[in-house]
Each structure stands twice: as structure tokens, then as C-alpha cells.
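> Pasting in a structure now, in C-alpha cells, and then I'll have a few things to ask.
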Ligand SMILES: Nc1ncnc2c1ncn2[C@@H]1O[C@H](COP(=O)(O)OP(=O)(O)O)[C@@H](O)[C@H]1O
Ligand SMILES: O=C(O)C1=C[C@@H](OP(=O)(O)O)[C@@H](O)[C@H](O)C1
Ligand SMILES: [Mg+2]
């Protein structure tokens, strides 16, 4: 992990849809004085359209290409808290970049809780299916090993509110990133 006052390592949050990456990244960045970047918001800002629209027009593969470009750029920067999208770990090149570039936190949350948190939200195309809980269970089985592969720290993101998780991560970051 590159580690100096001038080059503070990035902090990456990974985990499934609804794990709290976007919410916690924003709160954590404020707390520790890092800039917050959400890779989905970055993609939306660059394209000028929503994530569901990108999936409609370019398919998941098109979205993944855009996501990989954003991750490649962000992993060259420093002093960021990055909320990744839930599928960022699918490409080996992304995993390699995340693993070697900073402090990676896996917010691990059971599918049942993820389902509760995401059921009202229409902004996640992969969950616009007849049985979103079953989809989350499948995604959990497929991706849990990939999140574990890149993680420096695994946090139980299903207990406690976003504030208590942010507090925990601020303490961890102080030690690991020598803040
Ligand atoms: N620790 C938490 N406890 C309860 N609800 C949470 C927690 N973290 C996030 N949420 C809520 O869950 C939903 C999804 O959170 P979000 O940050 O968008 O997740 P992600 O970016 O990982 O998909 C939001 O409504 C958010 O307010
Ligand atoms: O898990 C995924 O494949 C996805 C997660 C989403 O981000 P969040 O994890 O922030 O919901 C977003 O990148 C896109 O809808 C695909
Ligand atoms: Mg998010």
C-alpha cells in the first residue's frame, strides 16, 4: 500500500447491492477528510444517463467496460474513498487494481437484509426480476469469494447503522492508512 502524507492510499468499499457502500463512503470521506467518489455516479456523470439506461442501451457488458475504465483511473489517484458498484470485482483486472492500490473493505451483508434495503429501489437493473431475493442469493454465492479475495478487512455490514459502521471504518483507516 503506497503510504505517505502526500500519497495517502485510497479506501475502497466493495460488496453487494444494498451493502451500504455509497452511504458509508460519503460519511467516511467527510469524517476523514478524503474526497468521495462513487463509481456509478462517475459513470452517470460521464455518460449523462442513468445506470438502468446504460444497461438498456449497451447491456451489462457495455456497463462493465465503462466501470473498468473508471476503476483504472481511480486506482491511479490518492486520498479517495471509493464506493464501487457491486459488480466491480467480476473482472480480474479490476480485482488486481483494487487489491494492489489501497485499503479494501468488504461490507458483508446477508441477502435477506440486502433485499429489504433494495426492494423499493428501481435503480438497480440486475434486481428488476420476478424474484430479487433469489437473484441476490445467487449473486452472493457467486461474488462472496471474489469480495473476500480483494478484501483487507471484512465488516459485518448487516448489523448496526451506517453511522456505527462509518465510525468503525474511520478507526481502521486511522491505523491502516496512518491518518
Ligand atoms: N448500515 C445500514 N443499515 C441500514 N440501512 C442502510 C445501511 N447502510 C445503507 N443503508 C440503506 O440501504 C440502502 C442501500 O444503501 P447504498 O449505500 O445505496 O448501498 P450500495 O451502494 O452498497 O448499493 C439505502 O437506502 C441506505 O440508506
Ligand atoms: O452488483 C452489480 O452488478 C451492480 C451494482 C450497482 O451498484 P451498487 O452496488 O452501488 O448498487 C450498479 O453498479 C449496477 O446496477 C450493477
Ligand atoms: Mg452504490
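Keep in mind that glycine also has a Cβ here, set from the backbone N, Cα and C atoms.
Copied straight from TrEMBL:
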BINDING   18, 19, 20, 21, 22, 23, 124  ATP binding site
BINDING   22  Mg(2+) binding site
BINDING   40, 64, 86, 143  substrate binding site
> Measure from the Cβ of residue 21 (ATP binding site) and count the other Cβ atoms within 10 Å, all protein chains considered.
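I count 28 other Cβ atoms within 10 Å of it.
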> Please check each of the binding-site residues 19, 20, 23, 143 and report the ones with a CB atom less than 6 Å from an atom of ligand 2, ordered along the sequence.
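Not one meets the Cβ criterion.
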> Starting from the Cβ centroid of 18, 19, 20, 21, 22, 23, 124, which together make up the recorded ATP site, report each further residue of the same chain whose Cβ lies within 8 Å of that point, ordered by sequence.
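Residues close to the ATP site, other than 18, 19, 20, 21, 22, 23, 124: 15, 17, 24, 83, 86, 107, 117.
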> Can you give me the same-chain residues 6 or more apart in sequence from residue 86 (substrate binding site) with a CB-CB distance under 8 Å?
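The list for residue 86 (substrate binding site) reads 14, 15, 16, 17, 19, 21, 139, 143, given in order along the sequence.
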> Measuring Cα to Cα across 18, 19, 20, 21, 22, 23, 124, which the record gives as the ATP binders, how far apart are the two most distant ones in Å?
16
> Taking only the binding-site residues 18, 20, 22, 124, which one has a CA atom nearest to the CA atom of residue 64 (substrate binding site)?
124
> Going by DSSP, is residue 40 (substrate binding site) sitting in a helix, a strand, or coil?
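SS state of residue 40 (substrate binding site) = helix.
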> Starting from residue 40 (substrate binding site), work out which of the binding-site residues listed here (18, 20, 22, 23, 124) have their Cα within 10 Å, and give them in sequence order.
22
> Counting only residues 6+ away in sequence within the same chain, which have a CB under 8 Å from the CB of residue 124 (ATP binding site)?
17, 51, 52, 118
> Near ligand 3, which of the binding-site residues 18, 19, 20, 23, 64, 124 are found, taking a Cβ distance under 6 A to any of its atoms?
none
> Just to be sure I understand the contacts, which binding-site residues have a Cβ under 6 angstroms from any atom of ligand 1? Candidates are 18, 23, 40, 64, 124, 143.
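With ligand 1 as the reference and 6 Å as the Cβ limit, the list reads 18, 23.
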> Which of 64, 143 has the fewest nearby Cβ atoms, counting only those within 10 Å, among these binding-site residues?
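Per-residue Cβ counts within 10 Å for the binding-site residues 64, 143 bottom out at 64.
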